[in-house]
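Report on one structure; see the data block that follows.
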Amino acid sequence: SDPTLERHFKGHRDNVTSVDFSCNMKQIATGSMDSSVMIWNMKPQMRAYRFDGHKDAVTSVQFSPSGHLVASASRDKTVRLWVPSLKAESTAFKAHTATVRSINFSADGQNLVTASDDKTIKVWTVHRQKFLFSLNQHINWVRCAKFSPDDRLIVSSSDDKTIKLWDKNSRECIHSFYEHAGYANHVDFHPSGTCIAAACTDNSVKVWDIRSHKMLQHYQVHSGVVNSLSFHPAGNFLITASSDSTMKILDLVEGKLLYTLHGHQGPVTCVAFSRTGEYFSSGGSDEQVMVWKSNFDCAEGIDDFRLQHKAAPSLQAVGSSTAQPPLTPSEHRSQ
């Protein structure tokens, strides 16, 4: 059945830039242009925590795999690690010489990767925040950097119109994917680690195989810049967030658009599935954070996951007309 809007949280005073779920689903972390990190508790009676420590916009937040820490990146050039509780203890370090655009924990929780407008990607230890190395081949701002599920690779996207795949151990760039029409705001690995998806400023979503370097799928379903995306943990769905004020759920196995979700007024800036995929959360320039129940069937898991390469050409002109009727806010009252 269709996704349903379960909760929405108000408290940020400017655009929400980033959202993430804790592993136990009890908390959601968000960052905002208002310079704060908020921790929202899923229990209805529990109040949110606001962490004020950054001196400028927060660009990216993520829970550590264990859920004991939240990392945040900011325009103030620092990274902070917070304990997501009332006391809000935090440690800060100057990570870059310009805006830090993204932060990501390795799957083992030992390392962090940061991406910056200083054109570099840096890898750090979580314990004592020790600098390990930097990756320096981008020639413009780096928007996003993520570890692969097995922590052996890093993917990054930059305003230089490339998406680069790096070997974490040799620290070499293995491959560059070139974007012609725009650049990728956001990139991530498929849970299987075999492909990457990019949310692009040319309004498209692209999926590439990291071994053959072939583009597997190209979705042109949004009418605005795509700001963020998140893979369902089972690997068969991808959710995207766009400045056209919608989110879209793509069925990767069938290679088609499943749902169009309307909830935010104005651009949807960030989106993330929960660790089980049962929920997803979105944030927008309307300062709102929304939590949705997925409700879609994901019986087939990652083992029999096969991307439909053949489906790609037919997607060039797919609009919401070919999907089920777009879900409107009126259909999204909490159950």
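Along the chain as shown, the residues are counted starting at 1.
The backbone N, Cα and C atoms fix where each Cβ goes, glycine too.
Automatic, uncurated: that is what TrEMBL annotation is.
The feature repeat 'WD' is assigned by TrEMBL to 9-50 (among others). Non-local neighbours of the repeat 'WD' (9-50) in the same chain are 56-63, 65-67, 70, 72-74, 76, 80, 82, 84-86, 88, 269-276, 278-279, 281-285, 287-291; each lies 6+ residues outside the stretch with a CB under 8 Å from one of its CB atoms.
For the repeat 'WD' (51-82), the residues of the chain that approach it from at least six positions outside its boundaries are 14, 17-24, 27, 29-39, 88-105, 107-109, 112, 114, 116, 124, 126, 129, judged by C-beta separation under 8 angstroms. What TrEMBL records for 51-82 (among others) is repeat 'WD'.
Sorting each residue of the repeat 'WD' (93-134) by its DSSP state yields 3 helix, 23 strand, 16 coil. Under the heading repeat 'WD', TrEMBL lists 93-134 (among others).
Mean pLDDT, taken over the repeat 'WD' (135-176), works out to 98 on the 0 to 100 scale. Here TrEMBL flags 135-176 (among others) as repeat 'WD'.
Residue counts for the repeat 'WD' (177-218) under DSSP (helix as H, G, I; strand as E, B; rest coil) come to 0 helix, 23 strand, 19 coil. Summarising the annotation, TrEMBL assigns repeat 'WD' to 177-218 (among others).
If you look up TrEMBL, you'll see 219-260 (among others) marked as repeat 'WD'.
Panel annotation: around the repeat 'WD' (261-293), residues 3-21, 23, 25, 28, 30, 32, 38, 40, 42, 224-225, 227-234, 237, 239-249, 326-329, 332 of the same chain, lying at least six beyond its termini, place a Cβ under 8 Å from a Cβ of the stretch. If you look up TrEMBL, you'll see 261-293 (among others) marked as repeat 'WD'.
Taken from TrEMBL, the feature region 'Disordered' covers 316-335.
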Cβ contacts under 8 Å made by the repeat 'WD' (177-218) with residues that lie 6+ beyond its boundaries = 143-144, 146-150, 153, 155-165, 224-231, 233-235, 238, 240-242, 244, 250, 252, 255, 302, 305, 307-309, 311-312, 315-316
